Amino acid sequence: MSRRSMLLAWALPSLLRLGAAQETEDPACCSPIVPRNEWKALASECAQHLSLPLRYVVVSHTAGSSCNTPASCQQQARNVQHYHMKTLGWCDVGYNFLIGEDGLVYEGRGWNFTGAHSGHLWNPMSIGISFMGNYMDRVPTPQAIRAAQGLLACGVAQGALRSNYVLKGHRDVQRTLSPGNQLYHLIQNWPHYRSP
């Protein structure tokens, strides 16, 4: 084998790994989103589509149990959906996306369907992202924060959110303690947050 061939044989795998690493760091590449079928969601009965790209994102918390493993987060997503559909009589889980402390995003209604997270005024013009857990006295894990921020970057890259979208806390648009004192304080430092 010539010296040139040996050099290529050594360098090519490194260059391929470098290209793959750059590809995964592209903001158009979403944080992992757990699809509905993977967390065993009930079938949605929703039909009202959102008009994309959206100007607003509303961040809330479920105010219930937190989860930190894929298995516990899938169960928690099912619990939230069951409450929304079977107890409240909604067509699906109210949120467009749920964030677990396992660092994963769980698809709720997704980018295309109107949520039931912030009232009749805000639902048709916003995406609702809810952190699974209660964040009155603590912040979500760094993994959960990164997952949410990655989801927002993905929404912009895919054209679901405007590049100048405005982030709101649930309490900014409704009378509620959501997203909890600590999470609310945290999101106020995110670049797209705007006070009421």
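Placement of Cβ uses the backbone N, Cα and C atoms for every residue, glycine included.
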Scan C29, C30 and flag the one Swiss-Prot records as disulfide-linked to C154.
C30
Can you sort out which of C29, C46 is the disulfide partner Swiss-Prot gives for C91?
C46
Could you check which of the disulfide-bonded residues C46, C67, C91 is the closest Cα neighbour of C30 (disulfide bond)?
C67
DSSP residue counts for the domain 'N-acetylmuramoyl-L-alanine amidase' (53-180), split into helix, strand and coil:
45 helix, 30 strand, 53 coil
Can you tell me the mean pLDDT for the domain 'N-acetylmuramoyl-L-alanine amidase' (53-180)?
97
Of C46, C91, N112, C154, which recorded positions come within 10 Å of C67 (disulfide bond), going by C-alpha to C-alpha distance?
none
Fill in the CA-CA distance, C91 (disulfide bond) to N112 (N-linked glycosylation site), as an integer in Å.
14
